[in-house]
Structure formats: C-alpha cells, structure tokens
Amino acid sequence: MGLKLIKIKNLEEKMKGIYSALLISFDENGNLDEKGTRNIVRYNIDEMKVDGLYVGGSTGENFMISTEMKKRIFEIVKDEAKDDVKLIAQVGSINLYEAVELGKYATELGYDSLSAVTPFYYKFDFEEIKNYYMTIVNETNNNMIIYSIPFLTGVNMNVEQFGELLCHDKIIGIKFTAGDFYLLERVRKAFPHKLIYAGFDEMLLPAVALGVDGAIGSTYNVTGKIAREVFDATKAGDLVTARERQTYLNDIIEAILGNGLYQTIKEILKLKGVDAIGYCRLPMKKLSTKKIEAAKEIGRNFL
Ligand SMILES: CC(=O)N[C@H](C=O)[C@@H](O)[C@H](O)[C@H](O)CO
Ligand SMILES: CC(=O)C(=O)O
C-alpha cells in the first residue's frame, strides 16, 4: 500500500462513528446561551458516548445566525470538548467569503475536518459547486466533508459529480442525508476509502447495511446510545436486534418530528437534567405549553 493511501486510511479509521449534529441553546431573544451549549456538549460526550460532534449544521440552526455567533459557537464547543471526541465544523454558506472565513477560523481552533453544505437557493451549476468546494479546501488546507441534503437544498449530485469532488485528497467524505440508497451504494462502491456518513437517523439500519462508516444526526443528542446499538447490531449481521432497535428509534423519531424537531429534542435534554435554556432562533417557533408537555412525555416514555 502506498504511503498516501495508508495516511488516508488512518484518517478514515479515526473519523468513523456516531456523531451528534449538535443542538445549540439560545435564550428567548435568540442570544447564545454559552453555558447551556457547553452542557449539551458534555451530555453528548459523557452520556450519549458519541464519537464526535458535527457543529454548525442544520440542527445547530446555523443558517439563522451571524458569522460572529457561528465563530463563538465553534470556539466554545472546542473549548468544552477539547480532544475528547472528533469535531467537524460545518462552514458552508452561499456567501463563499463567509465559508472561507469560518473555515480558517475552525481550522485554527483545531477542528478535525470541515464540512460544507452544497451551495443552495440559486441554481448553481456543478462547475460552480466544484469551485465552491475547491476554494474552501485551498484556502483552509483542512479536510472537507461534503454535506449533501437534497430535500432542503434542492441540489442533487450524481456519482460522477461526487467522484469529481472526492478524487481530491482533502475531500475525505460525504454526509449523505437522502433516502436514495441506490446512489449511496454506487458511491460506496466507487469510493471504498472515503468516509460516508448516514444523515437520516430514521434510516440508519439500511445505510449501515450498505456500508456507511458512520452517522451524523440530530436525534443522537438524546438517542445516541440507541443509534450505536442499531449501528453495531447491523454491522455484526444481527438483523433481528438491529430492526428491533431501529423500530424503537423510529417510534421516538416519529414522535419528535410530530411535535417539532429541534424544540422537542431541547426539551428532552432539559428533562434529562441538562441545564440549558433551549429556545430556537426565529423564525422557528416556540413550543406551546401543551407541546412542551408532550415533549417531556416523549422523553419519559422512551428515554
Ligand atoms: C435536517 C436535519 O436535521 N437533518 C438531520 C441530518 O442530516 C437528521 O438527523 C434529521 O434531523 C433526523 O433524521 C430526523 O428527520
Ligand atoms: C446532521 C444534521 O442534522 C445537521 O446538519 O445538523
């Protein structure tokens, strides 16, 4: 094996596993609750036993906050997590200058890899998308994980296009948040040494069956241990256990989605004793008193 391949394989080994897409605590006026956010970080590491944190994702309400606040979040999460777990900083933005600035910032803080959502809103063509990733990688010299989430961005890439990005050494993987398992399998086969993370928690089992290296999800902030059971059982070929655990996980996810995704997970964290304020940023709404009660009920019943 060539030296380069060994290096890539070592990195891939280290970055595998279950990552929470980190929730951030905000107060009622949308200010960052730093102490609460630190407590969520600790809960993920100490109680959910995750292998890593994905910071600044959809779950981090990242697209609704200022550059300065994004930087502060990267800073306090690194300060709290230290080197306990792997850290991925999602820096993607349709303002490429912001993405580069954040990428440099997170790289200096010591984040293990960057990730960037495919640029969205305008219909960027593939040449533009490729230029976006190459710019971030070249300016930061950090690793990059492509964040593909077509149901929110409208950006669909095919195997050839993923391949054009993944052939770059620094582009180490994909966070694949889609239900297109044919595409997932084709990418897996074409790039056996790249990292693929499953993005939909409710479809973890089939993604692991197809050979993903890890998973990044919002619900793992509170279901991390169940996710690991699904992951391990599927890998071990124990499909009876894997399905039973995925079904249990999906009962929880269905209830959470029905009550308000991020708001409900934040309420469950509080129920679990995590001292965080736990509002979401506008325009995301507050839970009604009834829904707060329902969120607690989900936590009490399942977790
Ligand atoms: C938009 C969003 O939050 N996506 C997450 C990951 O990509 C998932 O973890 C989902 O939240 C989860 O699978 C529930 O649908
Ligand atoms: C993985 C996910 O939920 C996120 O982007 O935050």
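From the backbone N, Cα and C atoms, a Cβ is placed for every residue, glycine too.
Please treat TrEMBL annotations as automatic predictions, because they have not gone through curation.
Per TrEMBL, aceneuramate is bound by Ser58, Thr59, Gly199, Asp201, Glu202, Ser218; the candidate from Thr37, Thr177, Thr241, Thr247 named for the same site is Thr177. For Lys175 (active site, schiff-base intermediate with substrate), the nearest neighbour among the recorded positions Tyr147, Asp201, Ile216, judged by Cα separation, is Tyr147. Spread of the aceneuramate binding residues is 16 Å (greatest Cα-Cα distance among Ser58, Thr59, Thr177, Gly199, Asp201, Glu202, Ser218).
DSSP classifies Thr177 (aceneuramate binding site) as coil under the three-state reduction. Sequence-ordered, the extra residues of this chain that approach the aceneuramate site, with Cβ no more than 8 Å from the Cβ center of Ser58, Thr59, Thr177, Gly199, Asp201, Glu202, Ser218, are Ala21, Gly57, Phe200, Ile216, Gly217, Thr219.
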